[in-house]
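Listed features, source Swiss-Prot:
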ACT_SITE  TYR135  active site, proton donor/acceptor
ACT_SITE  LYS164  active site, schiff-base intermediate with substrate
BINDING   THR46, ILE205  pyruvate binding site
SITE      THR45  site 'Part of a proton relay during catalysis'
SITE      TYR109  site 'Part of a proton relay during catalysis'
Amino acid sequence: MDIITGSMTALITPFKNGKVDLQKYESLIKRQIAQGINAVSPVGTTGESATLSHKEHKECIEVAVATCKNSGVKVLAGAGSNATHEACDIAKFAQEVGADGILSIAPYYNKPTQEGLYQHYKAIANSVELPLMLYNVPGRTGVDLLPETAIRLFDDVKNIYGIKEATGSLERATSLMSARKDFVVVSGDDSVDFPMLASGARGIISVTSNLLPNLKSKLVSSVLEGDYKTSLSIHNDLYELNKTLFCESNPIPIKAAMYLSGLLDSLEFRLPLTNPSAETMQKLEKILIKYEVIK
């Protein structure tokens, strides 16, 4: 099984006049490819998947696959839903169009038991042959995929290979990695990327890399090559930016930052997400000037 690790970007989804701007989406992915990212992950939390139709969800995956074809950059397609059959449908589509793997968030709102989470993920993984990465972010889903459940899935289901751990807990990450040496953990929280990597994580799925893919790629490649000093320096340098990019609910600040830096032509969200406050826009402009992203 060809697993997906390294520097990965949780792609934003651009809108134009209320519709997904697939042309802009393609150009954003091409920029990721040019700046050294290892993989892109379309239609996850940062991609506003919860407010996309199934048709739009699939269109984004298809564009990502087509854009990354023959580039060496892999596509870890978002295939999460709180309805298991819907997640299976998206996963099957991703496989059909040529995605390299599946990233599936824990089902939100339903609050399933650990057995329910186990059966949910087992069903998705068994519906495809692609490698599947679990995704745990209890602060957004209302349910915590516990380490023992994640390891049970890894042991029982051949194509489940790891987890995007977005609790920000180094203890949680260490407990997972110590349980099974081959179980892949990647950081899902920009604020702890270096500590996670230094502790044995095999990569990151980053929000900040939408804006600075070259630096986030360098952060990961450096530590994986044993150059901890360079990686730590980049991580610490990005601290203030990372903090500002999460001053409101993700992906509001990152899309605003991309708009201010000229990467997006319009700043649009779908309700219930709204544009950032004037105060946040001022914070973002100030930090982007400081980091020389804009003048």
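Residue 1 is the first one shown; counting continues down the chain.
Note: Cβ is positioned from N, Cα and C throughout, glycine not excepted.
Location within the structure of each feature annotated in Swiss-Prot.
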{"residue": "THR45", "record": "site 'Part of a proton relay during catalysis'", "contacts (Cβ under 8 Å, 6+ apart)": "ALA10, ILE105, VAL137, ARG140, ASN250, PRO251"}
{"residue": "THR46", "record": "pyruvate binding site", "contacts (Cβ under 8 Å, 6+ apart)": "ALA10, LEU11, ILE12, VAL207, ASN210, ASN250, PRO251, ILE254"}
{"residue": "TYR109", "record": "site 'Part of a proton relay during catalysis'", "contacts (Cβ under 8 Å, 6+ apart)": "ASN82, THR141, GLY142"}
{"residue": "TYR135", "record": "active site, proton donor/acceptor", "contacts (Cβ under 8 Å, 6+ apart)": "GLY44, GLY80, LEU103, SER104, ILE105, ALA106, ILE163, LYS164, ALA166, GLY188"}
{"residue": "ILE205", "record": "pyruvate binding site", "contacts (Cβ under 8 Å, 6+ apart)": "MET8, THR9, ALA10, SER41, GLY44, LEU76, LEU103, LYS164, VAL186, SER187, GLY188"}
